[in-house]
Amino acid sequence: MRVVSGIQPTGNLHLGNYLGAIRNWVRMQDEMQDGSECLFFLADLHAISMPHNPAELRAGTLEMVAALVACGIDPNKSVLFNQAQVPAHAELQWLLNGTARMGWLNRMTQFKDKSGKNREGASIALFTYPVLQAADVLLYQATHVPVGDDQKQHLELARDIAQKFNNDFCADDAPVFTLPEPYIPPQAARIMSLRDGSAKMSKSDPSDMSRIDLVDDADTIMKKVKKAKSDAEPLPSDAEGLEGRAEALNLVTIYTAVTGESVDSVLAQFGGEGFGKFKPALGEVLVETLAPISARFRELKGDRESLDAILARGALKARDLGRNTLDQTYSALGLVRG
Ligand code: TYM
């Protein structure tokens, strides 16, 4: 089993990232058997696909390492690194550009969302981003890729690219690439904004009140939860009663994801109650879960030397793990390298 996943080091890690992805990274890392490997990386090369500030990217990269370690990623168990220190990601992307089709990329919804009305002004990197994402996982022969629901389409593309490359350039019994399986959690695959139950919680939402950041203190978390959009109805006594109530469903989903309780059990406790009672209870379970993470994050983030060392060590290991696949890809394409 080879687990690979990434996160962009832009903005703070938020509750959606944590519940949708990072928590599963930690679980998979902790359940690893001998011979298996987990690789987690900061997708800094992806971060330049949108307008960005270099000083913020530099600082954000180190902060994201601290945040991941605070969440439970252990650099002694997992390979933790950033793409920019492993040139094979960018190299493999170029090699896969020959296999990826324009039509496939044209269908990517994230490109449509992020480029908005200004498609002509979007960067080339934003368009070809999913090919880099395919390279990220194919380079390491990933078998499992733990991600939130919004990355599903990118992972399907990675599978399509791998399959076409294997068909076009490899003998049937010697494919270069493993087809990766997305691992999308049954609960919390898409945590929504606290201000709008139809938009996902996102680092790029201009409203800070739309998301809970893992670094928020207890007062901020309570305030954000109390101000979260809800409705005037009491909570229903069963899951069916949440249909058509996007904000209520989102708050109940967050509660279940954080406590591990089922929707039925949460509604058995809170059914018939208004949000005036439910929100403080939700705020409390969130504070309980996040307080140790943010305390650890604060301790780690100032220790620049240790964070640099984690990345340097991770990059060495990642370069090693990716070398064979990169060599095979060059060779399958007939590229002469001496
Ligand atoms: P990014 O940085 O946007 O998000 C990191 C992870 O968090 C998940 N996520 C969510 N899950 C549930 N609810 C939400 N509201 C929510 N928001 C974000 C994402 O699904 C993701 O798993 N392109 C990727 C980074 C990437 C990558 C990769 C991931 C680059 N290469 C290779 C996997 C494999 C991204 O921008 O994620």
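Numbers run from 1 along the shown chain.
Including glycine, each Cβ sits where the backbone N, Cα and C put it.
No curator has checked TrEMBL annotations; they are predicted automatically.
Since the structure is predicted, the reported quantities are computational estimates derived from the model, not experimental observations.
Binding site for ATP per TrEMBL: Gln8, Pro9, Thr10, Gly16, Asn17, Gly148, Asp149, Asp150, Lys200, Met201, Ser202, Lys203, Ser204, plus Ile191 from the candidate set Ile161, Ile191. Between the alpha carbons (Cα) of Lys203 (ATP binding site) and Asp136 (L-tryptophan binding site) lies a span of roughly 21 Å. For the binding-site residues given as Asp136, Asp149, the lowest number of other CB atoms within 10 Å of the residue's CB is seen at Asp149. Taking the Cα atom of each, Met201 (ATP binding site) and Asp136 (L-tryptophan binding site) are about 24 angstrom apart. With every protein chain in view, the residue among the binding-site residues Gln8, Thr10, Asn17 whose Cβ has the most Cβ partners within 10 Å turns out to be Asn17. Residues of the same chain lying 6 or more positions beyond the ends of the motif ''KMSKS' region' (200-204) and with a Cβ under 8 Å from any Cβ of it are 8, 10-12, 14-17, 150, 190-194, 210-212. Every protein chain considered, the tally of other Cβ atoms within 10 Å of the Cβ of Met201 (ATP binding site) stands at 24.
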